[in-house]
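Engineer: The structure follows.
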Amino acid sequence: MNFELLATDGKARRGRLTFPRGVVETPAFMPVGTYGTVKGMLPRDIEDIGAQIILGNTFHLWLRPGTEVIQRHGDLHDFMQWKGPILTDSGGFQVFSLGAMRKIKEEGVTFASPVDGAKVFMGPEESMAVQRALGSDIVMIFDECTPYPADHDVAKRSMELSLRWAKRSKIAHGDSPSALFGIVQGGMHEDLRLRSLDGLQEIGFDGLAIGGLSVGEPKEEMIRVLDFLPPQMPADKPRYLMGVGKPEDLVEGVRRGVDMFDCVMPTRNARNGHLFVDSGVIKIRNSVHKHDDSTLDPTCDCYTCKHFSRAYLHHLDKCGEMLGSMLNTIHNLRHYQRVMAGLREAIQQGTLAAFVDAFYAKRGLPTPPLDA
């Protein structure tokens, strides 16, 4: 992987990631393909909406169908017929999400499989081996996602464990040609975040992610971390904010120097009839749309907006037709890609402030302040 920083506007960065499988323009949003599929989307649909990289889930693919099945096809790209780059998360967040079903020790995590209840163990070495088998273009270290809230002592122990696991992940990654990203932890504590960052830089990674956000903390806390952390991260490596978020969150992350994002929100909300447009969110199942023959978003160039009315989308949603979820997903993911394309162009042109002001004005919101 090669990362080029092409332009800056304030803290915001316009860059380019180059892989053997393709180029990713940054800032970038990565659709989430948990089980080797972006729900409701054919691979050609993902290309059509402008996504250049997607995310796969190490934990779930390891448990089902398993790496042996996937490797019979070659790797995850071949299995799901996606030609572009794939980032795989390490499984750490999913293990964290199991709560009482898992036991964390120095060696790794033992847990009951959510598939069949069997006792399963995963540590840094296992995570790296699975991601290598998947043929990931970007591999994430195995870490512990610090819970929220966590006092200083709890967050410190968690962060230090993640650093030890980061070293083991780097060793286990070995001579793999895939990029390896570290993950900054430390909860909401600035000193721990900076110690985590220093430790990861000593180990050496191809890129760095910000983990442990969007885990239940108030948005103000997330913004506070994003105000102080990205400026401390190396300028010559990509910065990835994990699991975030709404379009507004992407804009605020980019304003603070983040390059990469992923989130299930656009796909999950699409299946629930919540559709993102420039003015905010349209709840397509509401009865007000039953007789509305207008397009969902006249500014959008997606297949859904080019061909179907709000009334038709409302009808599909009320009937529970799978086509409704598919068309909604196409639109939501295209909306996210359009936001990212607008951010990239604005940074390139040095007009980010105007873009952000217009973005919020369309939503009837004031532009949030930005620390210098």
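Placed from the backbone N, Cα and C atoms, the Cβ positions cover glycine too.
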Engineer: According to Swiss-Prot, which stretch among 172-176, 267-271, 347-351 corresponds to the feature region 'RNA binding'?
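Structural biologist: Among 172-176, 267-271, 347-351, the range Swiss-Prot annotates as region 'RNA binding' is 267-271.
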Engineer: Figure out which of D48, D143, D151, D249 sits with D89, S90, G91, G92, F93, Q185, G212 in the substrate site per Swiss-Prot.
Structural biologist: D143
Engineer: Which of H189, H274, H289, H331 does Swiss-Prot put in the same Zn(2+) site as C300, C302, C305?
Structural biologist: H331
Engineer: On a count of neighbouring CB atoms within 10 A, which of the recorded positions D143, D262 is highest?
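Structural biologist: Buried the deepest by this measure is D143.
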Engineer: So, by DSSP, how many helix, strand and coil residues make up the region 'RNA binding' (243-249)?
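Structural biologist: Split into helix, strand and coil, the region 'RNA binding' (243-249) gives 3 helix, 1 strand, 3 coil.
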Engineer: When you measure from the Cβ of H331 (Zn(2+) binding site), how many other Cβ atoms are you left with inside 10 Å?
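Structural biologist: There are 27 such Cβ atoms around H331 (Zn(2+) binding site).
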Engineer: Are there residues of the same chain, six or more positions away from F93 (substrate binding site), whose CB falls under 8 angstroms from its CB, and which are they?
Structural biologist: C145, G211, M242, G243
Engineer: Among the recorded positions listed here (D262, C302, H331), which has the Cα closest to the Cα of D143 (substrate binding site)?
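Structural biologist: Closest candidate to D143 (substrate binding site), judged by Cα separation, is D262.
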Engineer: According to DSSP, collapsed to three classes, what secondary structure does S90 (substrate binding site) have?
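Structural biologist: Where S90 (substrate binding site) sits, the three-state DSSP reduction gives coil.
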Engineer: Quick one: Cα separation, C305 (Zn(2+) binding site) versus G91 (substrate binding site), in Å?
Structural biologist: 36
